[in-house]
Amino acid sequence: MTRKFFGTDGIRGQANSFPMTPEIAMKVGMAVGYIFRRKGQASRAVVGKDTRRSGYMLEKALVAGFTAAGMDVFLLGPIPTPAVAMLCRSLRADIGVMISASHNPFYDNGIKLFGPDGFKLSDQIELQIEAMIEGDMTPFLASHGDVGRAKRVDGDIYRYIEFAKRTLPRNISLNGLRVVVDCANGAGYKVAPAALWELGAEVITINNEPNGININEDCGSTHPIGLMKKVHEVRADVGIALDGDADRVLLVDENGTVIDGDQLMAVIAESWAASNRLEGGGIVATVMSNLGLERFLADRNLTLARTKVGDRYVVEHMREHGFNVGGEQSGHIVLSDFATTGDGLISALQILAVAQEQNKPISDVCRKFQPVPQLLKNVRTTGGKPLENKRVKSAIDEAKERLGGQGRLVIRPSGTEPLIRVMAEGDDRGLVEKVVNDIIDVISSESSAAA
């Protein structure tokens, strides 16, 4: 069934434009409140947000919807996405909401929903919400005496800081480690530096002064150049780059080299397998993860299960098949021993634990495999279904033949933007580049002709 509001990670779009309007946000609150409200009992929602200016507007609209449906609301303020999932369980809430567009620019925003178990909602529930939003909302309103209330929660970030710190083994501290943290002017700007400092690290923080419009602006995990320079400038042992809602992380080693999610998963998988902590006989990643990771794991008799792009699909596969490590190349790392969703801070702490335990520099710890040449390009589309076009399909089939058994080709529409993502990888770099560029050219020409 076609989805009108929900993408791969909740509802997302430009703030104050469809579907990210106060009206839609209020209807989401009403629909979700009705679905998760416990009849005859007090029910509650927890609502967090990142640092975007439009978060105030959407927060108030969601509160109106939830309270109209008879739910009480706990307002968490600016806080990481994984903290909302954790506090949803800790505060015995019936639903959790994070207002964020993750790594997108400030003018975008989104709504992510978590069930009472802290996991993102299923496709079926999201479709139910969509159907309710499109219909008459009157039947979902609470009676006069059952309208909900809202209150701010004090000390919520400190609960999360303590939770994150407890994931570092008690016999390990970060004493002697100089760490630069890029907070992306986002939701992790208070919690990440505090947690690292309390664990003993010398912390240098950058991009920790959010003003509502500078979130992800030339900073964070999608723009690590500033962090690379700072690590070199202060001679740090490691740099940690979060994104706007702190659910993803990339590292920078002491030489200023970026370490992506594939390498981080390799470190954790190898370490946890050696200590008999790894479950499922391997890890879960998406179709975008590098072939080098798959080969690295296979050499250690570990498997790589692949899913569609989106950490929700990674988590679903982990739960269904008994894995406890999964993630994405982009830096969403899911460690189900600790969390129900990607957690940038906790993932970084596990890597630092390995480095401290082995007494090795980050560059030695995190260079687990040589990535296979991989190229990802995006082409903007003007509507329609370009992947069903005859010329585009023919170009894709031809590309697969050229790559043969020595590479992979992944072509998919973005779940959050009007883009087609084209990724190829293989041992022959020149062939990979030619394959991607040829497909991009065909999609561009056919999309322009259709417009």
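These residue numbers are counts, starting from 1, taken along the chain as shown.
Positions of Cβ are set from backbone N, Cα and C atoms, glycine also.
Predicted, not measured: the structure shown is a model, and the values here were computed from it.
Taken from Swiss-Prot, the feature Mg(2+) binding site covers Ser102, Asp243, Asp245, Asp247, and the record attributes it to sequence analysis. In sequence order, Pro80, Thr81, Pro82, Ser102, Asp311, His332, Thr341, Gly342, Asp343, Gly344 make up the list of same-chain residues 6 or more apart from Asp247 (Mg(2+) binding site) whose Cβ falls under 8 Å from its Cβ.
The feature phosphoserine is assigned by Swiss-Prot to Ser102. Cβ neighbour count for Ser102 (Mg(2+) binding site): 30 (other Cβ atoms within 10 Å of its Cβ, all protein chains included).
If you look up Swiss-Prot, you'll see Ser102 marked as active site, phosphoserine intermediate.
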Give the sequence-ordered set of same-chain residues, not counting Ser102, Asp243, Asp245, Asp247, with Cβ within 8 Å of the centre of the Cβ atoms defining the Mg(2+) site.
Asp50, Pro80, Thr81, Ser100, His103, Gly186, Ala187, Leu242, Gly244, Ala246, Arg248, Gly342, Gly344
What are the sequence-distant neighbours of Asp245 (Mg(2+) binding site), meaning same chain, six or more residues apart, C-beta distance under 8 angstroms?
Asp50, Pro80, Thr81, Met98, Ser100, Ser102, Gly186, Ala187, Gly188
